[in-house]
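The annotation active site, proton acceptor is assigned in TrEMBL to HIS204. The NAD(+) binding site annotation in TrEMBL covers GLY28, ALA29, ALA30, GLY31, ASN32, ILE33, GLY34, ASN122, GLN129, VAL146, GLY147, ASN148. The substrate binding site annotation in TrEMBL covers ARG109, ARG115, ASN148, ARG179. As annotated by TrEMBL, domain 'Lactate/malate dehydrogenase N-terminal' applies to 23-163. Among the features that TrEMBL reports, domain 'Lactate/malate dehydrogenase C-terminal' is placed at 173-338.
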Amino acid sequence: MGCAPCGLSNVPKESFMANAPVNVTVTGAAGNIGYALLFRIASGALLGPDQRINLRLLEIPQAVKAAEGTAMELFDSAFPALGTVDIFDDPVQAFEGANIAFLVGSMPRKAGMERADLLSANGGIFGPQGEALNAGAADDVKVLVVGNPANTNALIAASHAPDIPASRFTAMTRLDHNRALAQLAARAGCHVSEIDKVTVWGNHSTTQYPDLTHATVNGAPIPEILADRTWVEEDFIPTVAKRGAAIIAARGASSAASAASAAIDHVRDWCQGTTSSWTSSSIMSDGSYGVAEGIISSFPCTAVDGEWKIVEGLEIDDFSRAKIDASAAELLDERAAVAEMGLI
Ligand SMILES: NC(=O)c1ccc[n+]([C@@H]2O[C@H](COP(=O)([O-])OP(=O)(O)OC[C@H]3O[C@@H](n4cnc5c(N)ncnc54)[C@H](O)[C@@H]3O)[C@@H](O)[C@H]2O)c1
Ligand SMILES: O=C(O)C[C@H](O)C(=O)O
């Protein structure tokens, strides 16, 4: 049963802005990431300050009251770009007319767990949400799955939405990409904005492969850094791949603000286009780079005219080959596990 939309609004719906309002649905709106994400979206960080956004928040019934508190704060922020804020506990209503959907709502892992340990707890959320998207989302809907294990949850959602192109279901490895930029910047003594051509391949898990093979700093390759195999293999790769666990150990809770920021980066680039040579996005594999079709895996991607495209033709050395294959194999195992559970 749906709860009544609260319909908070600082502005009349019909007030003038150049473009029609964009409907953005955020699940898990009362959670930690939701709290960080909603204010960034409403501030214009997602689609620019001149694009009116109507927010549609989905929560479980027990958390609707907390979501109402967040909606009150959104209202009190008087964001010029924010239109209406409606709250639902029914996915069918929440995804009605959605142009963009952030699928965040799900349980985070605790210390000592791997993200795949959440498959049985969270996987069941994403089938019904895929069906609800299929039933009522806008024709141009773009879906980003943040809730873990994000890649396989995105696959579950996509498999329940036969009328939506599978290319519209993506999972978030942008946080891993940003972590890789930050680690390389620290090692190279440069600013993150001076780095280009970093890739995160595979799963948002410890098997992910943050790849510096093609990386540049200020347009120049980094042979001295790549020659330091101890740093690349024993420091950089595990630091990036295990950063989520390190954050949990330090904060006592999983990353929230950096995850929200990466979610903004992912969807902003998807809608407005990438500005660097490429970024990392988990999308449905078409078999590129020998990654099996039918899994949602991270690739080097550009976004052009609202579509992710895999950057083709990169040379893959033996070390990278083994790493990419290992993460793809894990995704195939996760797919088999959710098939076994009847989730796809
Ligand atoms: N992909 C990434 O890089 C990345 C990064 C950080 C966190 N995460 C994942 O994001 C998820 C959310 O993290 P968080 O810190 O916000 O957790 P949280 O526990 O603070 O919030 C989760 C919210 O989701 C809600 N929720 C649960 N089931 C729901 C459902 N069926 N529909 C709608 N809402 C529902 C809960 O009520 C809660 O408010 C976790 O799975 C976490 O592991 C992913
Ligand atoms: O690691 C986690 O469980 C949370 C998130 O996926 C992260 O990478 O920070």
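Cβ atoms here come from the backbone N, Cα and C positions, even for glycine.
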Report, as a single number, how many Cβ atoms besides its own are within 10 Å of the Cβ of ARG109 (substrate binding site).
19
Which binding-site residues from the set ARG109, GLN129, ARG179 have a C-beta atom lying less than 6 Å away from ligand 2?
ARG109
Listed binding-site residues adjacent to ligand 1, that is, members of ASN32, GLN129, ARG179 whose C-beta is under 6 A away
ASN32
Let me know how many other Cβ atoms fall within 10 Å of the Cβ of the residue listed as 'active site, proton acceptor'.
31
Lowest local Cβ density among ASN32, GLN129, ASN148, which the record lists as binding-site residues, within 10 Å:
ASN32
Compare the C-alpha of GLY28 (NAD(+) binding site) with the C-alpha of each of the binding-site residues ARG109, ASN148, ARG179, and give the closest one.
ASN148
Tally of DSSP helical, extended and coil residues in the domain 'Lactate/malate dehydrogenase N-terminal' (23-163)
63 helix, 26 strand, 52 coil
Substrate site span - longest C-alpha distance across ARG109, ARG115, ASN148, ARG179, in Å:
19
Restricting to the record's NAD(+)-binding residues (GLY28, ALA29, ALA30, GLY31, ASN32, ILE33, GLY34, ASN122, GLN129, VAL146, GLY147, ASN148), give me the longest CA-CA distance in Å as a whole number.
20
If one measures from the C-alpha of ARG179 (substrate binding site) to the C-alpha of GLY34 (NAD(+) binding site), what distance in angstrom results, rounded to a whole number?
20
What are the non-local neighbours of GLY147 (NAD(+) binding site), defined as same-chain residues 6+ apart in sequence with CB under 8 A from its CB?
THR27, GLY28, LEU103, VAL104, GLY105, SER106, ASN122, ILE125, PHE126, ASN153
Distant-in-sequence Cβ neighbours of ARG115 (substrate binding site), under 8 Å, six or more positions away
ARG109, ASN148, PRO149, ALA150, HIS204, SER205, GLY244
